[in-house]
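Annotated in TrEMBL:
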DOMAIN    41-287  domain 'G-protein coupled receptors family 1 profile'
TRANSMEM  25-47  transmembrane segment
TRANSMEM  59-78  transmembrane segment
TRANSMEM  98-120  transmembrane segment
TRANSMEM  140-162  transmembrane segment
TRANSMEM  205-225  transmembrane segment
TRANSMEM  237-260  transmembrane segment
TRANSMEM  272-289  transmembrane segment
Amino acid sequence: MAHTNESVVSEFVLLGLSKSWELQLFFFAIFSLVYVTSVLGNIVIIVTISSDSHLNSPMYFLLSNLSFIDICQSNFATPKMLVDFFVEHKTISFEGCMAQIFLLHSFVGSETMLLVTMAYDRFIAICKPLHYSTIMNRRLSIIFVFISWSVGILHSVSHLAFTVDLPFCGPNEVDSFFCDLPLVMELTCMDTYEMEIMTLTNSGLISLGCFLALIISYTIILITVRHRSSSRSSKALSTLTAHITVVILFFGPCIFFYIWPFSRLSVDKFLSVFYTVYTPLLNPIIYSVRNGDVKSAMQKLRNRHVNSWKN
């Protein structure tokens with residue numbers, strides 16, 4: 001990646017989560033368990049949905065893509081963090097740092113748009129059930145997924161386009177376990193106030209706007225469900241609860257991180273852990289617990305494999 005001649009910094013030092021060896025061992029044990037569970041859990045959801053014909057609907061197609069994004073999000077920074085727990089001098093190259101910024105914003109932007117798409121899918125299914133199969137077909141679902149990835153990548157490129165050319169001519173310590181834009185911008189040897197405002201507008205307000213739009217959408221859907229008394233409405237309510245829980249837990253740390261991005265608080269570091277390590281785990285846990293169809297499909301898949309082993 002090209003950058004100006006003023007950028008003499010060739011690598012960044014990651015300060016990590018703690019300097020205490022005991023704490024680092026504790027974090028390694030916890031985060032390793034969470035990481036493996038998250039990746040395997042999301043793989044199980046993808047395999048379950050792809051192998052069960054009863055889950056051949058747009059909602060579950062979108063859910064499997066959400067799991068794929070969560071697998072990607074689990075791997076952009078967490079493996080390096082786990083290795084760095086055993087490394088005294090934690091460093092990352094300039095190119096590696098820019099790559100982490102690009103991947104983070106690509107995955108977060110894509111997941112943001114995918115959650116909006118999933119809300120639209122539920123809105124059509126519950127508020128316009130007679131037109132659902134006509135509107136939400138596989139072709140439109142694929143288009144929505146393509147748009148989600150496109151928006152995520154364009155959102156990330158808009159950040160990276162000016163970041164790679166910033167002059168880094170001295171400080172190179174990033175107070176976290178991965179590179180994120182607000183932290184890296186603090187290290188430049190120029191006034192980045194205008195860029196900070198642009199970052200806040202591009203990331204924070206977009207996240208807040210999407211979050212509010214999702215809350216309004218799900219509120220309308222919940223009101224619609226409440227006025228229908230049937231077992232089908234109860235099933236819809238259970239599915240909606242899973243969706244809303246994921247939305248709140250996904251957007252909460254994101255909005256907090258970008259609403260106060262340039263006055264670093266120690267809590268920000270742990271919000272980053274929640275956002276990058278724990279958020280990808282929410283999808284398999286919430287949907288496997290709250291969604292009866294997914295639970296049933298997982299049970300059938302498990303029984304199928306158990307019977308094949310016995311035979």
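The chain as shown is numbered from 1 upward.
A Cβ is built for glycine as well, from the same backbone N, Cα and C atoms used for every other residue.
Automatic, uncurated: that is what TrEMBL annotation is.
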Exercise for the section: Count the CB pairs under 8 A between the transmembrane segment (205-225) and each of 25-47, 59-78, 98-120, 140-162, 272-289, then give me the winner. Expected result: 98-120
Exercise for the section: Determine which residues of the chain contact the transmembrane segment (272-289) at the Cβ level, with the cut-off under 8 Å and only residues 6 or more beyond its ends counted. Expected result: 17, 31, 34-35, 37-39, 41-42, 44-45, 63, 66-67, 70-71, 73-74, 76-78, 81, 104, 176-178, 180, 242, 245-246, 249-250, 253-254, 257, 295, 298
Handout entry: Within-chain partners of the transmembrane segment (140-162) [C-beta distance under 8 Å, separation at least 6 from its ends]
Key = 58, 61-62, 65, 98, 101-114, 117, 120-121, 181, 195, 199, 202-203, 206
